[in-house]
Amino acid sequence: MASAAAPAQAGGVVAAPEYEEVLGRLSSLITQKVRAHSGNRGNQWDLMAHYLKILELEEPIARMKVIHVAGTKGKGSTCTFTESILRSSGFHTGLFTSPHLMDVRERFRLDGVDISEDKFLKYFWWCWNKLKEKTDDDIPMPAYFRFLALLAFKIFSAEQVDVAVLEVGLGGKFDATNVVEAPVVCGVSSLGFDHMEILGNTLGEIAGEKAGIFKKGIPAYTAPQPEEAMVALKKRASELGISLQVADPLEPYHLKGQHLGLHGEHQYINAGLAVALASTWLEKQGQMDRIPINRTDPLPDHFIQGLSNASLQGRAQIVPDSQVNSGVNKDSSLVFYLDGAHSPESMEICAKWFSHVTNDDRRIPSSTEQSQSSKSRKILLFNCMSVRDPMRLLPHLLDVSTQNGVFFDVALFVPNQSQYNKLGSNTSAPAEPEQIDLSWQLSLQTVWEKLLQDKGTNSANSSDSSQVFASLPLAVEWLRKDARENQSTSFQVLVTGSLHLVGDVLRLIKK
């Protein structure tokens, strides 16, 4: 999981020495092998039982009241909504999600707040020292994500949460979170094509892998799915003798005029699944008076409060650049639109969202009132992991944007900052950019230019329509310079293709 090596200091602030040391230790668990490599012993599923024994976690996990969620798209949002509903209902919550954007502690939320540094350090050393003492050549240290999942179980059991909401990291059947043998309820968010090098090439294969979290006797819900995926999910459910129920998307009237805390039309699908999961959990705790009476009436107030207060960074997030939008350049406007979309379907959703919010000037956060005559420049800032096929991503983004009247003036391709750093080192570009391998970014640029050519929208000179930068700070500096020099123009930058890129941009512009 080398790609997970996003530097982890909050808001670009250099972490304290002990925290840096811990991040360095965590970095040592990141395997350089691709995730699909079967020879990575530390990633072998059968080792999880040994780790649980070493950490004395079998009993605590058996007692934990878990909501377990898998899926391709929206599983993080579904978990966030579910946790927020149950917190608004008065319960002490734990939430484990991935990846983090700026700080590894984002993965562990207690009562809706990232775990404190003190608690994180305490539980980290407890797990690290026990595992270091008992692991050897036969039972190596767990790989990065497995360690983080084990740490989550330790945190949630020690903190005695009422409910632990767990987002599957990858797949389902062999995911580290799937050591939970008796969750209270399971959910599957929308399925699509992602991580095909590991999970399979058809929707059926992918769905079969995700359905690996289903358990005998445990209620299971799914968001509406394409038929091929639904068939595979139902097949696994019937093998286990459980009924798989489809959670209907919410309608705006369910919220009595309130808005969902996470933006975008697709969030009504995730919120519908979250309502089903939270309702079932409450029912299993005997809290019948707190659940919706039916699917047709507006939701109870604590459900609406939870759904409207939910927050998740890097998903349909709008951040004005404080450097450009302040000081003497009152008319300058540089706004980043961040969405970690990285599958074909989520690319389309992202493009619809960006088109919607940028075509509607009232939604653009700006230091000044937008005059009717002000110009806007739409810019794409993109990267994706090399295991992903850009021909499955960029055409969806371009087509949907074009259909919605959005045309990108220029596309910028950059490597993720995180590829330069270990988990804990401070975010900086390498001293000698010419040594950086930009072949992947150049191939993304080639795909983009070919798409523009096919549409007949590219200019004679490709440097006008796209650029490759050796590092993210160089690209952001170029954007800031352009915005300052063109003060009557609003620069609207869509950052997408990778959650790691989104995290890198957030860290850089919040410094």
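Every residue gets a Cβ built from N, Cα and C, even glycine.
Just so you know, TrEMBL annotations never went through curation; they're auto-generated.
Pulled from TrEMBL, these are the features on record:
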{"type": "BINDING", "residues": "Ser98, Glu167, His195", "note": "Mg(2+) binding site"}
{"type": "BINDING", "residues": "Arg315, Asp339", "note": "ATP binding site"}
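Overlay of TrEMBL annotations on the structure.
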{"residue": "Ser98", "record": "Mg(2+) binding site", "Cβ within 10 Å": "21"}
{"residue": "Glu167", "record": "Mg(2+) binding site", "Cβ within 10 Å": "26"}
{"residue": "Arg315", "record": "ATP binding site", "Cβ within 10 Å": "26"}
{"residue": "Asp339", "record": "ATP binding site", "Cβ within 10 Å": "25"}
Legend entry - Nearest-integer angstrom distance between the alpha carbons (Cα) of Ser98 (Mg(2+) binding site) and Arg315 (ATP binding site): 13
Legend entry - Euclidean distance between Cα atoms of Arg315 (ATP binding site) and Glu167 (Mg(2+) binding site), Å: 16
